[in-house]
Every structure is written in C-alpha cells, then in structure tokens.
C-alpha cells in the first residue's frame with residue numbers, strides 16, 4: 001500500500017526537516033525515512049543482505065577501535081610530557097631550592113635548623129592539601145585503583161581535580177625529604193589523566209560504561225612505572241600484578257602500546273644527557289661466575305629480603321593501628337600534629353649523617369657504583385672517620401646497617417601520614433643497602449676473591465626487597481631494564497622469587513594492607529566462615545521489583561525508593577516468576593513517553609491535507625478552512641474522506657513510536673516523540689509497514705479502539721470531524737492516567753527503546769558463597785538474582801557482600 005503525496009516533517013539530529021513524499025512511496029520506505037537509520041532493528045536491505053543496522057554497527061566498531069588506539073597514544077604522549085615535567089621540577093626547582101635555602105649560612109647549627117624547617121614546611125603544606133582541598137589525592141593511589149579494577153567504580157578517585165592536587169601534593173611531600181617514593185602517585189596520575197581525556201568529546205564514545213572505562217584506565221597505569229624507572233616492559237607487568245586480580249589479554253596489548261609510546265616520549269624529552277634522570281642507575285658489571293658460595297649467598301639474600309619485607313609490613317600495620325587508636329592525641333596539639341612530628345624527626349635523624357639525607361635516586365646510585373676508588377666513596381665511608389684503622393668495607397657495612405634500620409622505620413611511619421606517597425622507591429633504596437651489606441660481608445669472608453662484586457649484590461637486594469613487599473615478580477624486570485645490564489639476571493630472578501615466597505607465607509602485601517586500612521571494597525578479601533555458607537544465607541530478601549502489568553504511579557514510586565541501575569521484572573505479585581530486568585533509565589523514559597502523550601493531547605490539534613506543504617501560507621489557510629468547516633454538510637465526499645483519514649492519521653501518529661533525535665540529549669537516549677511544527681500542529685504520520693504488520697497492529701495499548709473506530713468509519717461521509725478529534729483526545733487522556741495498566745513486555749515488542757534483559761545473572765539458593773565470589777570476580781557483574789524454580793526469592797549484591805565482610809572483620 002502506498003501513501004498519497006504529502007509533505008512530512010522528518011526527525012533529524014538538527015530538528016525537523018521538510019521532506020516531499022511522492023505518490024509512489026511505499027509505507028516501508030516512509031518508515032525508513034521517519035526512523036533514524038541506526039535505530040531500525042531487524043529490517044533487511046532490499047538485496048536481502050546485511051541489515052542497515054549491522055553495517056552501521058560495523059562502521060562504528062572500526063571507528064571505535066581507531067579512537068581507542070588514538071586515546072592510548074594520546075595518554076602515552078601527554079603522560080610522558082607531564083611526568084617528565086614533574087621530574088624536572090623535582091630536580092631543578094625543589095631540590096635546588098632546598099640546597100640554596102641551606103647554603104644561606106655556613107653555620108652548621110643554622111643549616112640544621114634550615115633543613116628541619118624545610119622538611120616540616122613542605123610536609124605540612126602537602127598535608128593541608130589532602131585534609132582541606134582534595135582528600136582523594138591521599139596515599140599511593142594503587143589500592144584505590146585496585147578496588148576500581150576489581151569492579152567497584154569510584155569516580156572521585158580519578159576526578160580531574162585529583163590530577164592537579166595529587167601533583168602539587170606530591171611535589172611538596174616528596175620534595176620535603178620524607179622517606180617516601182613517587183611511583184604510586186605517578187600511576188594514579190596516569191589513570192587520572194586517562195580518565196580526564198575520556199571526558200573529551202572525541203573519546204566519550206569509547207567508554208560507554210564503567211567496566212570499559214576501568215579496562216582503559218588499567219591499560220594506562222603502565223605509564224606511571226615507565227616514567228619512574230624508564231621500564232615499559234616492567235611497567236606493564238607491574239601494573240598487572242599491583243592493580244589487577246584477573247586480567248584481559250586484550251588489555252595486555254593496550255598497556256604495552258601505552259607504555260611504549262610513553263617510553264619513546266621520555267627518551268625524546270630526555271635526549272639531552274644533562275636531563276637524563278635514569279643515567280645514574282646504569283651499571284656495567286663483569287661476567288658473573290655463579291660459583292657455589294655466591295649462589296648460597298644470593299639465596300640467603302633473597303630469604304633475608306623476604307623476612308625484612310614482612311617485618312616492614314608488620315611494623316607499618318602496628319604503627320597505623322596505634323595511630324588510629326590515639327588519633328585524638330595528635331588533634332589536641334594541632335590538626336597537622338602528626339605530620340609535623342614525623343617530618344621533624346626525619347630531619348633530625350637524617351641531617352647528621354650525609355648518606356641518610358640523600359634523595360633515594362642518589363642513594364641507589366651510590367649503592368650500585370660506590371667503590372674505594374670511585375668519586376662517591378666518601379658518602380658511605382663517612383663513618384670511617386671515627387677511626388683511622390677502619391677499612392673501607394667495614395665503614396660501609398656499618399653505614400648500610402644504619403641506613404637500613406633508620407630508613408625502614410622512617411618509611412613505615414611516613415606512609416601512615418595523610419599525604420601523597422609512594423612505597424617502591426624507598427624500598428628500592430633500602431633493598432640496595434641490604435644487598436650491599438651482604439656483598440661487603442662476602443668480601444670480608446673471601447678477601448682474595450676477584451669475582452665478588454658488592455655492587456651486584458646491591459642490585460639483587462633492591463629487586464628482592466621490592467618484590468617481597470609488593471608481591472610483584474615484575475620487580476626483577478624493572479631492575480634489569482633500569483640498570484640496562486643482564487649480568488645478574490639469574491640472581492635477580494632467584495632473589496625476587498624467594499622473597500615473594502617468604503612474604504606470602506607470613507602476611508599480605510603492602511598494597512593489600514593499604515586496602516584493608518582504608519576499608520576499600522575488594523572481593524578477594526571476602527572470607528566465608530565455612531564452605532557451608534550458601535546464597536540463601538547472604539542474599540537480600542527485601543526485594544524491589546516491577547510487575548509485568550504495572551501502572552505509572554507504581555513505577556514512579558518504585559524509582560523514588562531504589563538506587564539500583566536495574567530492576568527485576570516479575571510476572572505478578574503472587575508467583576514472582578522472574579521475566580528479566582529493566583533499567584531505571586528505561587522506566588524513566590516510559591514515564592516521559594506518557595507525559596509527552598499527555599501534553600500532546602492537551603494541545604490544539606490541526607491536520608494538514610494530503611499533498612499540502614505545511615509551511616506554505618496558502619496551504620495553511622486550506623488546513624484552517626478544513627478545520628473550521630468540518631461540520632459543513634455541503635462538503636463533497638472527497639473532503640469528508642480526507643478529513644476522516646486525517647483523524648485516523650492522528651491516532652496512528654500517536655500510536656506509532658516515532659523517535660525524535662534531540663540535540664539536548666547528550667547520551668543519545670531516544671525517547672518516543674510525536675513530530676509537531678512550531679504551531680503545535682501534529683504532522684501526518686501514516687507509516688504503517690505492510691511487511692511488518694505486527695509493528696503497528698500490536699500498538700493498541702493506548703488508543704486501539706479509537707484507531708479501529710476511525711478505520712471502520714473511514715468511508716462515512718457524515719462523520720463529525722470535530723467530535724472525532726475531541727474523542728481522540730479524551731481517549732488519550734484516559735490511556736495515560738497514572739492508574740492505567742501498562743504491559744512492559746508488550747511495550748518491548750512494540751518499542752525498540754524499551755529493552756528487558758531476559759537473561760540476567762541467576763543463581764540457585766544452594767550455590768556456595770565461594771562460587772558467588774568467583775562469579776563476581778570473573779563476570780564483573782554487580783547483582784546476582786537468586787531464584788527457586790524460576791521464582792525470585794532474593795538478590796546478592798557485590799557491594800553489600802563486601803561491606804558485610806568488612807564490618808565483620
């Protein structure tokens with residue numbers, strides 16, 4: 001059936017455009033004109049090939065994939081520029097100003113006071129930023145990201161404000177001289193920068209939900225380690241181990257791409273040798289002869305580093321718990337009392353011994369390269385001035401021992417402060433001192449050996465202690481890339497594996513301790529009392545649901561009470577058979593749809609005759625004449641037939657689900673609308689598809705009776721058109737009342753924008769809790785619906801499950 005020639009307003013992205021419809025236009029072609037191409041579901045091309053929607057989705061997928069790689073390249077490039085700039089500020093501004101500040105006087109006592117004042121002032125400023133401006137910038141940032149990547153999205157952790165204040169806070173805290181690092185904040189900054197870029201228009205489409213956004217942020221975390229140590233491969237592995245529980249292989253390539261782009265950017269920016277911040281870590285060892293004595297020494301070093309790592313974590317936990325129970329003690333002094341006390345103590349202990357007040361990069365360089373003949377030998381042999389008879393290696397043994405003890409305690413205390421901090425670099429320096437300590441002992445035991453190099457032991461110790469504390473084997477790859485030397489590859493791997501194994505036997509990693517202390521949700525921490533716990537024991541029985549046959553008032557009241565993104569749909573209140581789930585956004589659109597119908601029914605209805613241009617004044621006069629003379633008994637049969645057909649077109653325009661594409665809808669959530677012109681005239685919309693009769697025939701929830709009556713009376717020449725229009729409006733008013741029953745399943749069949757997920761995650765009441773936890777971790781869902789023979793009996797929410805566990809422990 002073809003439509004007669006008439007003008008129609010077609011919904012488009014920029015409003016309504018006038019389209020002339022020819023006489024031979026079929027209803028199916030007219031439907032394709034009215035409906036947006038991307039929203040036509042199930043319509044095949046004339047050649048019987050792939051549907052138009054499938055083609056558009058294929059193009060969208062290719063474009064989306066291109067934007068993903070473009071986004072990763074942008075993060076790698078911009079992140080490398082940003083982080084290198086921060087490093088240069090540390091080198092040429094913060095540390096230079098500190099030396100200049102201390103050189104204002106040659107008096108030792110005044111220099112001592114200047115060093116204390118500098119440390120206290122910068123640490124207090126960093127604490128002020130955290131407490132008063134941006135609390136989300138506190139700490140390492142890795143535990144928060146770990147919680148996000150496990151499925152608990154927290155937008156405040158990666159907000160754009162965090163990017164700025166985390167950087168400023170880190171400049172103050174790290175520049176103060178506290179025993180902290182910067183790799184954790186660098187990873188956090190990389191993720192925050194990535195999330196900020198995702199808010200830019202070209203990249204909005206690639207992060208359509210929290211899960212996809214989290215995957216992209218996880219891929220960008222490798223940039224932080226690549227910028228800190230110049231280690232793209234180790235950075236990727238570390239980001240996987242430190243922030244992930246289960247990892248997608250597709251994200252593996254993205255992380256490598258981001259880290260590679262970042263590494264290239266860093267190499268270009270630091271091409272000037274004077275700006276190469278990593279050159280001091282390069283080593284050049286002679287070939288290693290792994291004899292039995294040295295092999296045993298490396299094994300002992302790995303075990304020792306594992307024990308020290310566990311001791312460090314236990315010390316941190318005890319200090320944190322003590323501060324938590326005595327928080328009022330510090331508040332009585334000053335809001336920043338704990339920071340002032342720790343900063344002052346750090347400065348007092350560090351200044352007297354030169355090697356203790358070195359920044360961590362210089363300390364590591366000294367441990368890796370200092371020999372009796374090197375230029376920096378006096379740094380670690382400073383204790384030898386106590387006696388002229390003390391050999392170099394005896395002095396350095398004592399220096400390393402003091403460095404390990406003091407730095408281990410200061411680091412454990414410093415990471416309990418409310419400031420931005422990292423943990424990897426100070427552990428790196430402490431581990432190098434432990435390795436150097438063992439190497440110097442080996443040299444004392446075997447003074448005639450020409451194959452023992454204490455500096456090589458320092459490299460192994462640095463990797464082993466970091467691996468034991470963070471439980472990351474990637475520490476081995478980071479140290480090998482950092483030193484650019486594979487001579488000690490086997491001892492490094494051996495030490496890291498032994499250290500991680502010893503640590504796992506004794507306690508959790510330092511990042512897991514951060515997670516627990518901050519009470520962050522994290523599924524792997526969930527521990528059931530016994531394997532006998534099943535879904536019935538932990539499910540929530542107080543249910544919110546919507547019945548298949550419901551009313552607008554019931555939907556409105558339900559939306560006011562629930563916070564979930566989706567609501568289960570059941571057959572009825574009696575049997576509670578689970579049909580599926582529907583999003584709260586869709587329910588809001590259902591209400592908005594009926595409100596639109598209500599508003600249109602109240603507006604004056606005017607009808608355009610077939611073949612009349614609605615923007616033509618003459619044609620508008622004809623329309624008005626038709627309306628004003630509807631009751632004229634002298635009208636000919638053609639006019640009566642035309643007017644009666646117009647009435648049916650009004651009903652059909654309201655009945656059919658014509659989607660309007662609004663410019664104000666940023667999310668492109670298409671809500672049904674009836675096209676009208678500027679004079680509130682409903683435009684004719686005879687768009688029944690003969691090949692898809694169900695689309696129009698099933699659309700009878702609101703004015704089906706009126707529609708049929710108009711069709712039956714279509715050839716009646718004596719119909720009063722004004723009365724028909726009024727009857728249409730009255731029927732619409734009745735159909736959209738708040739107590740009118742709405743069949744959601746029927747609406748889904750009739751409207752492509754109403755989507756009911758007919759296969760939500762369902763579990764039986766007898767499923768063990770350990771399996772439920774595993775499902776949450778692997779599938780990434782938020783809610784599991786508990787059913788018994790299809791009947792909805794409860795829900796298990798991931799967030800509530802974790803919060804219950806945190807409250808118990």
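Yeah, the Cβs are placed from backbone N, Cα and C, and that goes for glycine too.
The structure displayed is predicted, hence computed values, not measured ones.
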Swiss-Prot lists transmembrane segment for one of the ranges 270-290, 333-353, 354-374, 522-542; which is that range?
333-353
Of the residue ranges 425-445, 551-571, 572-592, which one carries the transmembrane segment annotation in Swiss-Prot?
425-445
Annotated range (Swiss-Prot: transmembrane segment) out of 176-196, 197-217, 218-238:
218-238
When each of 152-172, 218-238, 246-266, 425-445 is checked against the transmembrane segment (110-130) for Cβ pairs under 8 Å, which one has the most?
152-172
If you count every Cβ pair below 8 Å, which range out of 66-86, 333-353, 395-415, 425-445, 459-479 shares the most with the transmembrane segment (295-315)?
459-479
Using a Cβ cut-off of under 8 Å, list the residues of the same chain at least 6 residues beyond the transmembrane segment (246-266) that approach it.
68-69, 72-73, 75-77, 79-81, 83-84, 215-216, 218-223, 225-227, 230, 232-233, 235-236, 239-240, 777-778
What residues in the same chain, six or more past the boundaries of the transmembrane segment (152-172), come closer than 8 Å to it by Cβ-Cβ distance?
86, 89-90, 94, 122-123, 125-126, 129-130, 133-134, 136-137, 141, 144-145, 182, 185, 188-189, 191-196, 199, 210, 213-214, 217, 419-420, 520-522, 798-799, 802
Mean pLDDT for the domain 'CBS 1' (539-597), as a whole number?
87
